Amino acid sequence: MILEGACFVAPQPDRGFELESVIPCVFQRLPHHHIVPHQSDSLGISRSVHSVTCVQPSATMGGKKRKHPDLEELLDRPWCYYCEREFEDLKLLISHQKAKHFRCDRCGKRLNTAGGLSVHMNQVHKENLSNVENALPNRQGLDIEIFGMEGIPEDIQNQHKERIRENFFRDQQQRYAATGNPPPGQSGVQGVTKKIKIETAEELKARLAAHRARKLAAANGNPAVPVDGQSPSQITSPFPAPQAGYPYPPASVPGVPGVPAVPGFSPSQAYPPVYPSGPSPPPGAPGAFNLPARPPSNTLPASTLPQRPGYYQNAPGAPATGYPAGASTVDELVSGGARQADVIDQMIRMAEAGVKPAQGAPEQAAAQKKGKKDKARMVYDDQETSPEEKMALLPRYRVPIVA
Amino acid sequence: MAPATQWEVAQPPHDAVSSLVFVPDSHKLLVSSWDKNVYLYNVGPNGAEEASLIKSYEFRAPILDACFGADEHEAFTAGLDEQVKRVDLTTGEQTLMSKHTAPVRCVVYSPEHSLLISASWDCTLHVHNMATGLASSPLPLTIKLPGKPHAMAASPSKLVVAMTARLVHIYDLPTIAKAITTKEPVVQPWQQRESSLKFLTRAVACMPNDAGYATSSIEGRVAVEWFEDTEKSQARKYAFKCHRLPAPEEEGGDIVYPVNALAFHPKYGTFASGGGDSTVALWDAEAKRRMRQLTKFPDSVAALAFSKDGKYLAIGVCPGFETGMEDYSGEGRTKVFIRELGENEARGKGAK
């Protein structure tokens, strides 16, 4: 019984039909060497060009080496002039060139160079070779004698290196952005793009609900907070609670200069014990005054998550017992922080999985393969009716009725 | 070794090609078309790179298939007007052979048994014994089929009919010939098989050595099977993907084209497949290898035929009918190419 989908079981794998058209290239090389096709083509050349930038050199050797080759390593890799494919080893490159570009399509002889193939075609088959097979469109010429890495014009070598560099830095940036890891040699504080928090819809909803509940409680519990012209959220702002999980500050965040509501507050009402032992707070920055260690830049409106805890350093100074809402906030804060850590953990895990598709579990690969297969689009997909029958129904081909 | 050359037929049909067939003993090519005509071309009489129109024969309906009869003056046609006709290619005289109740999809002639067999969408085969002369067999033997036939091919001793629902029936031609003489009303298929391909069968071609056949489907796949019903023989069958192109980057996956045509080389047992992706590939059935892929043609490949000496390959090219098409016209885009094969171009290299 023939297994549809499992294409071709040739008795000898390398003697089967020319596999590049028959079998998806994913299967072509895996057993032979460690070149793993990239999910998407990082060179942006053609689908058949495999990128090896994400190869894990140790994947089949059991060791746990570096995950990503460094730039030097990438630049040193041999690559094929004709198809821009990279190889682990010069020997592999040469056998690739002989098999793909210098192979006689008449008798299968593998020559060493394009010139050699041309002479062979001329002498043996009396034919003229016009171009190199399987080459990129502008690299089909026979005029350049290529053998392995020898003979590649300098400008094209430079182009290739440039592309490797570009890709390398782009990938690196993406990795850093995705994992939140700082580049080596830089401390985490300076990483501006560090840790993007992405909240799911559920998390947002949960947070909104918690916020509303607290708001309501605050409004009921402290009806006497006398602030004119302030929105309810501003009214509750003396309590740290509403801000507990906020990734961005509401209008009334202390420390944001120019928020009109802030001077209207009397923070002393809320936090009498911590209030001024030093100079009176500058208007517009009442919350920041007692955090001398914090660099001024942290008080900018772009107060993203890392700054949050800093803001709440105010709270412990306040007698928690006097503000039951405050206690719950701390809990909230802790759990929120944990949740956030989970999210980041997960992001790192995802990023790792994304960057290293080869490491994915077999079933994941299978799922991917299946997805790929499902995507196949048939230009004619009617199982019951042949194209001829459909054509026969067209008015154009209607048969004149004869008496 | 002569280099392979290829040229286009002058005065091609005005609409889609439905079939191509070479005259058994000379280099004449018969082309049936949806433009209600059958054309006879002279293909490179002395190796000249030209193919000139000898004659065209007009019918009242599109012709879905054509074949040669006992000699090069006799041809049979399968028409959309439900009729099977005999055409005298010298005089142009047309004789009604058989009348189905639905368009006739295929027609084959078995010279070994002098049988004319037509397959129609009315789910029947009509069989005429041409040896006894036209007059003596006015009524054909009718064989009921379980599904609509879409492709049919004959080897020296077998007839393979591929139908909807992936049904494949193999009839034994000597049995059919005997049934006609003894006037048996029912002929059972020699073998009933389910297609090895999951999708609608598009084309069937039989091996010239009477050993097996190849089928192709609308889903870019070809299967090769053997007649012999032994486990060992059946284990040899295989299928493979072909005639697919990678889809644009953003879509991913492949675009899968139907394999519209199959033809076995009469000498080497290799075969050619033609697909909606406008390419023709030559395959070595024994070695399971692709030997060659011909350069892309301007449109979908609709039909293929090897000349009986294996010297020429005719390729019928016209726009392919695709899902979702509201209208169809092969006008102006229908072409017939003749490829003179190099001496070893179609020869298999043997299983290595």
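Every residue, even glycine, has its Cβ placed from backbone N, Cα and C.
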Please find, within the list A:14-47, A:354-387, the residue stretch that TrEMBL describes as region 'Disordered'.
A:354-387
Six or more residues out from either end of the domain 'C2H2-type' (A:102-130), which same-chain residues have a Cβ under 8 Å from its Cβ atoms?
142, 144-147
Please give the average pLDDT for the domain 'BED-type' (A:73-132) in this predicted model.
88
What are the DSSP helix/strand/coil residue counts across the domain 'C2H2-type' (A:102-130)?
12 helix, 2 strand, 15 coil
